[in-house]
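Copied over from Swiss-Prot, here are the features:
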type: ACT_SITE; residues: S480; note: active site, proton acceptor
type: BINDING; residues: C57, C130, C202; note: [2Fe-2S] cluster binding site
type: BINDING; residues: D89, D131, K132, E454; note: Mg(2+) binding site
type: MOD_RES; residues: K132; note: N6-carboxylysine
Amino acid sequence: MSDPTRPARIDERSRNVTEGVMRAPNRSMYYAMGYRETDFGKPMVGVASAHSTITPCNSGLQPLADTVAAALKEAGANPQLFGTPTVSDGIGMGTEGMKYSLVSREVIADSIETCVNGLWQDGVVVIGGCDKNMPGGMMALVRTNVPGIYVYGGTIKPGHYKGRDLNIVSVFEAVGEFIAGQLDPVDFKEIEKRACPGSGSCGGMYTANTMSAAFEALGMSLPYSSTMANEDAEKLASAAESARVLVEAIKRGLRPRDIVTREAIENAVSVIMATGGSTNAVLHFLAIAHAAEVPWTIDDFERIRRRVPVIVDMKPSGRYLATDLHQAGGIPQVMKLLLDAGLLHGACVTITGQTIAEVLENVPAAPRADQGVIRTLSDPLYAEGHLAILRGNLSPEGCVAKISGLKNPAITGPARVFDSEDDAMAAIMARRIVEGDVVVIRYEGPKGGPGMREMLAPTSALVGQGLGESVGLITDGRFSGGTWGMVVGHVSPEAFVGGPIALVREGDSVTIDAHRQLVQLNVGDEELARRAADWTPPSPRYTRGVLAKFAKFASSASKGAVTDLDL
């Protein structure tokens, strides 16, 4: 990078708390932790670890944090470990606890920013696993703009039962099968026990793996690191190398906002489209771009979708898991295909100091013939990307649908209206939803939920009952990366602020049309105007605590559901 970005000293920030007579009390605190006088002048590097025994996604992070700390020390830096929280989507799913998931994204970003800036750290390594660790950590990196790198905790390996690979979504779908009488109780219990065999994040191209792949494409994580399994030795080696790379970035003055540019975000979103990634990536990259002060809208996703095909056959709508993608060449192989087709910006710089083109220089031009995970651009799974932005009188600000793999790209049917996920789930489990229905779940948006719960439980139950292709679902909430089917989320404006989804009545005709990118309430304008005049805003569900704060400050989902948009 250019000289103006290079710090005069590698401890340019931390010297504020280590240098001079007035900082003797500060140094005394460091001596208490084993620092020596020769350590002052070395960069202080935060290691923000989301390790916990809350979830398998994060239960294997401590060895990575220890490895990073040791490698930082060897590279001449002072590691400073601190924790950041996590909320398990898989455990909170379908309960009140899920309301805290998206909230935790903001808490994670705020907590890392607080420690990095409060302690004048010269750099930071963020180590995360579960879904919201990913955007929360990246938002903190670009907010603070101190040299930083993201170390993904790694994917879980698949479970196995009766010759079938399993993952966490297998269990959610098994619930629907069991309720429908299509699954033996013994098999149901064995799937439950075997689906998650150890530590690591959920194994398909679900939200955590989507974001890790995107961070690699963004240039903020090392090549190949996003598809490694948590329990494999190469993940520890990659973590150590990440620490060494960060120390070099500190010396060069290479900062996150030098890397996370508009072009780099285009690269990341292109990889999300090519790999069939999660709808949550739309919400999270709106938030990351906002934190980085990069102009970015939901229409940018649609622009990229139209030119980037889906070339990776990944679950939930495909066949393979992240461990399979890793063996097939990982994200660098996918990026090489996109770069050679002119679909990536090769000049974007990465945390290594190399450009994207330089990083990919020695990657094979074509994927291996003996694998089926990565296709070529001449033989894609789908000619266009899968995350479509839909609009219509139900969602004038836009909403998100995952349209790949649908046998029936359109549905018009009677609305089955529910004012919470819980009410909808009760109806689904009671078998009151039938083929041709369009389920509307509202008051689950950023403000109304609050927290935009993910609707994996309802969608998986529908799939398990054999209704995944014949029932539509529309919500102002979100979907898990494991969701597939005729589903539309992030409907904006949300019901809580009087968005049109609040005006839908039981039995109204509703259309979802993926090809026309339309989500429409088939009711006349005059009738909708009458309903709008009669609508009254509901009382907040929470008046104290973190959920109340999030509800007060959260923006529309079309703006990323961020909490600092209009401060």
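Any Cβ shown, glycine's included, is placed from N, Cα and C.
As the structure is a computational prediction, the values presented were derived from the model and not from experiment.
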Protein Cβ atoms within 10 Å of the residue listed as 'active site, proton acceptor', excluding its own: 30
Rounded inter-Cα distance in Å - D131 (Mg(2+) binding site), C202 ([2Fe-2S] cluster binding site): 9
C-beta crowding around D89 (Mg(2+) binding site), within 10 angstroms: 31
Of the recorded positions listed as C57, C130, C202, S480, the one whose CA lies nearest the CA of E454 (Mg(2+) binding site): S480
Integer Å distance between the CA atoms belonging to S480 (active site, proton acceptor) and D89 (Mg(2+) binding site): 8
CB within-chain contacts under 8 A for C130 ([2Fe-2S] cluster binding site), separation at least 6: A50, T55, C57, N58, T86, V87, S88, D89, S201, A208
Proximal but sequence-remote residues of the same chain as K132 (Mg(2+) binding site) (Cβ under 8 Å, at least 6 apart): T86, V87, D89, S101, L102, S104, R105, I108
Between C202 ([2Fe-2S] cluster binding site) and the residue listed as 'active site, proton acceptor', the C-alpha gap once rounded to whole angstrom: 11
Number of Cβ atoms other than its own within 10 Å, given for D131 (Mg(2+) binding site): 33
Other C-beta atoms that fall within 10 angstroms of the C-beta of E454 (Mg(2+) binding site): 32
Any further residue of that chain within 8 Å (Cβ to the Cβ centroid of D89, D131, K132, E454) of the recorded Mg(2+) site: V87, M98, S101, L102, C130, T207, N280, S480
Chain-mates of C57, C130, C202 with C-beta within 8 Å of site centroid, [2Fe-2S] cluster: T55, P56, N58, S88, D89, G90, G129, D131, I156, G200, S201, A208
